[in-house]
Amino acid sequence: MVCWKIASLCFIICVVSHQVLSKSNTTKENHLPPCRACRNFVESFKSAVQIVTNKTKDGKQAQFVEITKKLCTEQSDKLCEELMAKYSDKLEEWWIEGKEKHPNVESFICIETFEVCCPDLHYGPDCKPCLGYPNNVCNNNGKCKGSGTRKGNGGCLCDRGYTGEFCDKCSESHYEAYKDDKKLICAECHLSCEGLCTKAGPKGCAKCKPGFIMDKDKGCLDINECAARKRPCTPLQFCVNTEGDYRCLDCDRSCAGCSGDGPDMCIDCATGYEKKDKMCVDSSEQRRQNFVWYSRYLTYLGLCISTCIILNKNIYIAAVIGMCVGVYITVSEQTSSPTQNLEQQLADEIVNALNI
C-alpha cells in the first residue's frame, strides 16, 4: 500500500513538472521582442510560400489560402496565431498586388507597415542611423545597440580590445598595432604584461604579472620557480615550469622522490622496487624473472647432460635427441624475450630513419 502511494506521488510530481516546464517554454516564446517575433513569423511565411508555390500553380488567392494553412502548424503557442490574425490582411495585400512595389516582404510588414523593426544599422522609435553610418559604424570595431529594432540608444557595444564611445581607443590590455584616419587595429598585450603595454612582446609591458620579472633589455621574463632553492613541490612530486607559473606532478609509483616523469627518473626507489639499469623495477617481478631465467638454463643443462649420457649408449639416438634439444633451446630463447627483440627492431628502424 505504501509503495502504491509513493508511486502515485511520483507520477503526480512528473506530470506537474512537465506542465510547469511546458508553460514556462510557451511563456518565453510568447514574450519575444516585437521585432524578433515579426521577423520569425515572416521567415515562417516565406518557408510556407516556397512549399506551396513548388507544389501548385493555382491563382494567387488560392495559393495564399494554402500558405496560411501551413503557418502555425508546427507551433502550439498563441503568439503565432496572434501574429497571423494581426498580419494576415497586409500579407494577403502584399501577396496579391504588392510584391512588385515591395519585393522585400520583411521590410514591408515589419518596418514600413507595423513599424516594429528598423532597417539594419538603424535604431530607436524613429529609426535613426547608428554612429558612423553607413560604412564606419562604431569605427567598425563594435556593434550598434538596438540596430535593426525600435529599441536601443544607438550606443556602441565595442568588440574585445576596444573602448570609447565610438570604439576608437584600445582597452587597457591591448595596444595600437595599426592606426590611420579610417582604421584602428588593437592587439592583445603579451601574457606577461599586467595592465598597459605599448607594443608587442614582453618588452612592451609597463608592468609584469606575478610569475615574471622585469629585465631592462628583454622586458618581462618568466621566473623558473622549479629552479628555486626551496622546492615548491612535495618530495613525491616533480616540478614543471610554465609561463608565469609552475605545476607539481606526481612521481611514478616506483619512485621515492624523482626529477621527472617515469621510473627512469627516480632519485630513490619506493618500497617494493629496486634499481636495475638506472630504472626502478618491481622487486617481486624481478625475482620472478630471475627464477624463470635460472630454471630455463638449468633445464637446458639437464637436457645436454641427458644427451651426453645417451651418447655413450647409442650415437644415432643421441644425434636425434641432440638436434631436438638444439631446436627446443633456439625456440625457447626466441619466445622468452620478445620484448627485447621488438625494442631492438624499433631502435634499428629509428636509426635508419635518422640516417635517411
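Using N, Cα and C of the backbone, Cβ positions are placed for all residues, glycine too.
Because TrEMBL annotations are produced automatically, they should be read as predictions rather than curated entries.
As annotated by TrEMBL, signal peptide applies to 1-22.
Annotation source TrEMBL lists domain 'EGF-like' at 126-168. When Cβ-Cβ distances below 8 Å are used as the criterion, the domain 'EGF-like' (126-168) is approached by residues 33-35, 111, 115-120, 174, 182-184, 186-188 of the same chain, each at least six residues removed from its ends.
Counting every protein chain shown, the Cβ of CYS167 (disulfide bond) has 25 other Cβ atoms within 10 Å. Marked as disulfide bond by TrEMBL: CYS158-CYS167.
On its own chain, CYS158 (disulfide bond) has CYS138, ASN141, GLY142, GLY164, CYS167, SER171 as residues at least 6 apart in sequence with a Cβ closer than 8 Å to its own Cβ.
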